[in-house]
Each structure stands twice: as structure tokens, then as C-alpha cells.
Amino acid sequence: MNAIVEQLKSTAAATKATDLRAAFAADAQRFSRFSVSLDDLLMDYSKTAVNDEILKLLVKLAEEGGVERKREEMFSGKAINFTEDRAVLHTALRNRSNTPVLVDGKDVMPDVNAVLAAMGKFADDIRSGALKGATGKAITDVINIGIGGSDLGPVMATLALAPFHDGPRAHFVSNIDGAHIADILKLVQPETTLFIVASKTFTTVETMTNAQTARSFIAKSLGEAAVQHHFAAVSTALDKVAAFGIDSARVFGFWDWVGGRYSIWSAIGLPLMIAIGPENFGKFLDGAHAVDNHFRQAPVTENLPMLLGLIGFYHRNVLGYPTRAILPYDQRLSRFPAYLQQLDMESNGKGVTIDGTPVDGNSGPVVWGEPGTNGQHAFYQLIHQGTSIIPAEFMIAANAFEPELRHQHQLLISNVLAQSEALMKGRTFAEAKKQLTDKGMDDKKADFIAPHRVFTGNRPSITFVYDKLTPYALGRLIALYEHRVFVEGVLFRINSFDQWGVELGKELATGLLPVVEGKESAASHDSSTQGLVAALAKLAK
């Protein structure tokens, strides 16, 4: 594998100098040769520097890197998360074929199906009004309390699928900052509100602090006895859930082989299911399952997650591009970049290989983005003319949900196409100068101004096109990126499924709380921390 990486690196200088405009001019079939589809989902990677030689090397890299072997180990239930001795089986949660999936010799599918059925019954009962609040009123608002994977996935998917909402209004609280829950509680009435507390251990500080605030909101308004009618939980800590006052019939579990950032398919998706209904939630799972099958069955050169991961690795570890911009041209995907930020950076933000040695080269990139066209008026300037090359990943639906606003969607499509073309072709000095002189600028001034209007081009982008953002399409898109992260992690030779990097700060925060509360001295901390504690204490008085 290292030899192939070195071969790729030996072409890096030439690759960076690749004139994509010339490449398209020389090859009328470039788009068809460097794009792949899964049903209506098209992935166009022709506007990257990938050519026939690089593609062959990337395919060989996947073979020698053991991506296919690791892929089958994941799907078969092997404990590939070796630092926690856990299988990685979020794919089992959307295993619509219902074929057996074994963990330690036991088929997990009966349990998966049982939880999914229980979720469906509960969601239907809330949506229909069969399950009411303590005063007999139907539930009109659902507030999910969670953080990280227990929040980002449900928030993102619920926003994305707004046209399919036909249940109670959905709200989400994550931040321990009291302002977050305070602002949400102003929008709802206690009598008609259901809280879902999502915490596997029921000990997550942010979640349980907000849950206690929510509990007080209900108890003070409706009495202690009302708590059981206004809460549900997604957790495995049944004793702690019972102590909180939540009926065991309203508790939905999941398993240690489901990582938080991969948990939207599990009971963590309950608020989404309540919003869009069990049938649409099933279609969401169907879309992901279709990508799982495609990932396992399609040859590398026709395999969307494989190609996306290989190109991502190439950009990061061969060409050295440090970031990746996620640019959905769909306002309802406004939280998709943040969702992928956690998925990618928490998975592949590692500095140690599976052997316990330092990573050779780079691991995962910084992932960020905003929906278009908003980003065009914010940070695209740097993507087009800045000194850093930032690979961009665009996504656009051919059809929107507002036929009466078709013209606006056509404007949206024209913008995303223009951005990908502009990044590829750029604008030469001669073109910039001619544009200025055609407007009447004299030659000398045009020579001075034109450099500021030059776009170097040759900036890589990938574009995804699909029919419409349905539950099926969203499930497909998420699973595509999950498997992309997996492919890159295998090539980085890291464990993509633990997250020890989140622990140290949490541990230190626990020790600092008594200091912040004034119960302990800050003397054992560094001078910066001592100074910050003192400054905050002074302002708080």
C-alpha cells in the first residue's frame, strides 16, 4: 500500500498542475467516464484531477489496503472497534432483507425488529392522539433532549424531511447552556409536550441537566404524577430511567455495537419517526440499505462510497488538501454539513494507527460547509481565489417540493452548476482583461485590475444529483457518506469507531466545576486557567 501511495505522490506535482479545462476540451467523454450512478443518484467526479492512471492506482490502493476485507468484517459483526472490543453494526439497523447478523454467535435481527416495532407503535399512538398528556390533551410538541449523535442526526434528518411532517412539531435541545432549553420551553405548553431523553447511560451531563430542567417544567405545572405521561427515553440504563420517573413501556434501547454518530437508524431516530411516521421512517431505512448492498456488491470503479473514499484519501493524503467543503444546494439540508462534520471528524480525527504507532502522513480533513446559495455570499471567495485548495462537494435535487416556485429551483440549479464549472475552468488573465476593456476600461488600468479578477481554476469538486429529497434519498445519502468515512479510515489505518478525543475535556470539566462554583481553589491549575476562573468570577458577582 505504501508503494502505491508513493506512486500517487510522485504524480502529485503534475496533478496539481493539471489543466482541467484542457482535459475536458481534449476528452468529450470525460463526464461519462468519470461519473457513476446508483439509480437516480449521480456522482460526478470528472471535475477532480482523477485520470485513468490515477484511477487504476486508487483501485489498486483499495485492494492492497484491504478495504473489501475490512468491509466484510464490519458487515459480518467482527469487533473491528478493537479499542472498545465492539462490533460496528449500524448497518444491521437498516437490514431490510432481515438476513441474520451475528454478534458473538447470536442473531441481532430479532431484537432490532422488536425495537423498531415498539418505536412504530409508540409513534403511531402519539401521532394519533391515542397516547395523551396527563390532562387528556393530545401531544402537539415533541422535544428531544440529547447531544452529539443523540442530537445531530435527528435534528438534521427532521429538518431535511420537513415536507413529510404530519405529526407533532419537533424541537431539539442539546447545549448545556440554559438558554437553549429556556428558548424552546417558551414555545410549548406543558400539557401537550412530550420529552424524549436520549442517553444510552442516562449519565451524559448535558443531557441529564437539561432533562432535569424539563422534568421540573412538567412537575411544577402539572404535578409529579404527570411526569410519566410526558417523558420517554432512549437508553439502556433501565434503573436510572425508572428512578427519573419514566415508565419502562416508554423506554427504547439500542446496543453497544451502535456508535452515537451512526445511531440515527436506531431508537435515537424516534423523534424523526414521530414527525414523519413509521412508514416514511421505513423508507429512510430502505434508502440506506440500498447503499449498503451497493457498497458490498458493486465493483470499485462503479461503487459510489468506494470512489468517494478513495478520492477523499487522495485529496487529503496525497495532494495534502487540509479541508473539505460540504455544499448542499438545499436549504433543508442546512444541518447536513454539521452532521458530516461529526461523522467524519470524530471518526477519522485520529493520530494513532491500528498498530498503536503515529499515523504516517495525514488522517481525516476538517469538514465544514453551509447550504447554497448562502455560502456563495460568505466563504466561496476563499474557495475560488484563496491560497488553499479546498475540494468542494455539491449536492442538488432535480425536483423540489414547491412546484409553484419552480423558477426559484431553476435558479438554484443554475447556481450550483455555475459554481462547479467556475471552480474547474477559472478565468485567465486575458479573459479578465478583455471583460474589463469591453466595458470601456483603458488598457493600462485593465492590466492593473485584471489580476484581481483572475480565477486559477483547477479546483476540484464532486457533484451529486438526485431526483428529490425524499426519506429514501436522504437515507441513501447518509449511508453513502458513512461508508466513505469507513473507506478513508481503512486507508488511514486507524480505528474510525472510537472517540477517545472527547474524553479528556469532559474529565477536566468535572474537576473544574467545584472551582467554578467557588468550592475549591484553582491553585492546582495552570496560570491561564486560574486567570480565566478569576476573571469569570469577578464578572459573575
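Note that Cβ sites are derived from N, Cα and C of the backbone, with glycine treated the same way.
Annotation source Swiss-Prot lists active site, proton donor at Glu346, citing sequence analysis. Positions annotated as active site by Swiss-Prot, on the basis of sequence analysis: His377, Lys506.
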Pairwise Cα distance for His377 (active site)/Glu346 (active site, proton donor) [Å, integer] = 29
Chain-internal residues, separated by at least six, CB under 8 A from the residue listed as 'active site, proton donor' = Arg261, Gln499, Gly501, Val502
Message = Going by DSSP, is Glu346 (active site, proton donor) sitting in a helix, a strand, or coil?
response = helix
Task = Might you list, by sequence position, any residue in that chain lying six or more from Lys506 (active site) with a Cβ less than 8 Å away from its Cβ?
result = Val205
Ask   = If you count Cβ atoms within 10 Å of the Cβ of His377 (active site), leaving out that atom itself, what do you get?
value = 10
